[in-house]
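Annotation source TrEMBL lists repeat 'ANK' at 74-106, 107-142, 143-175, 208-240, 241-274, 275-307.
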Amino acid sequence: MNNNVSVLSDICNGNMSQIKSLKYEDPSFHWCEIYYPKTKETCLHKAAQFGHVEIVDYLLTEFSPKHVDIRNIDNKTPLHEGAQFGKLECVKMLLQHGAEINAIKRSDWTPLMLACTKEDDCYVEIVQYLLDKGAILNFQNKDGWTSLHIAARNSNPSFLKMLLNKNVNVNVKTKNQRNALHIAALHGNLKNVELLISHINPNEIDSSGNTSFHEAVLGGELEVVNYLIKKGANINVSNNAGANALHLAAGQGLSNFIHLLVNTYGFDVNTKDSNGYTPLHYATRKGNYSEMKILIELGSDIHQLDHSDKTAYDYFIKCPSNNL
């Protein structure tokens, strides 16, 4: 074990001369047998993570190239590691040695999908390279997510632009029937919302009945909410629980949204959802004291009962986070 740690340390530090000496000192040495017991990360995984392209090339050339797709405990290949850690040259080298470009790790993530989770521009190059080399653009993981959904939540719009330019399927939905616009709106990424709005109807609903407008409210970015309204989002629609945007804003503790929805768009502060909850119920159940005060000032009826015959105050006195 100590020798294994020493070898892996040399790999991480890019100590090529020490790595080369191993073959001559011990003819039986093989890097596949050197790994961290808990993670099953081999020398090749670590070399790809740290961007030591010469070591990647050496291990595959001098030893067994058939192990280019060796797996760790999460079923990740060295190519997954290179893509996730932003090591473009290692990605190139691994593919030159025949790495499976669409290898699937645990939860069904490809190297392309992992690269799309990152924000730095170096990952944009990796995504572009993987796409140019034939990475599957519309592959869905176990939750139905594609690279498009992942890019939609990324604060760097370059990823989404690239995928849209590659004619990605914008209509694909997750298992929860969420489209990329739902995800961009929830994460408050205005630029991504702007890129997607011409491709996706903002009034499409997911399996919970939420539209992109609902998601934008939950995300708490006012500029995204205003943009979707400008682009024709139906602001009055309720989700499967009967909750509208005002209910959601009250539950999320968004005072500025409450003022906007009531004062500008005429939302009724006493409207009820499927459980009989008013926006005031939502605020009290979450212990949002400031929003309670605002709703009451705007005309909320504190005596309104839900379907369990409880007022908002009944919930508030039981909420451990209230400020009274």
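Any Cβ shown, glycine's included, is placed from N, Cα and C.
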By Cβ distance under 8 Å, which residues at least 6 away from the ends of the repeat 'ANK' (275-307) in the same chain are close to it?
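The answer is 241-243, 246-255, 258-259, 262-263, 269, 313, 315-316, 319-324.
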With helix taken as DSSP H, G or I, strand as E or B and everything else coil, how many residues of the repeat 'ANK' (107-142) land in each class?
17 helix, 0 strand, 19 coil
Do you know the DSSP helix, strand and coil residue counts for the repeat 'ANK' (143-175)?
14 helix, 0 strand, 19 coil
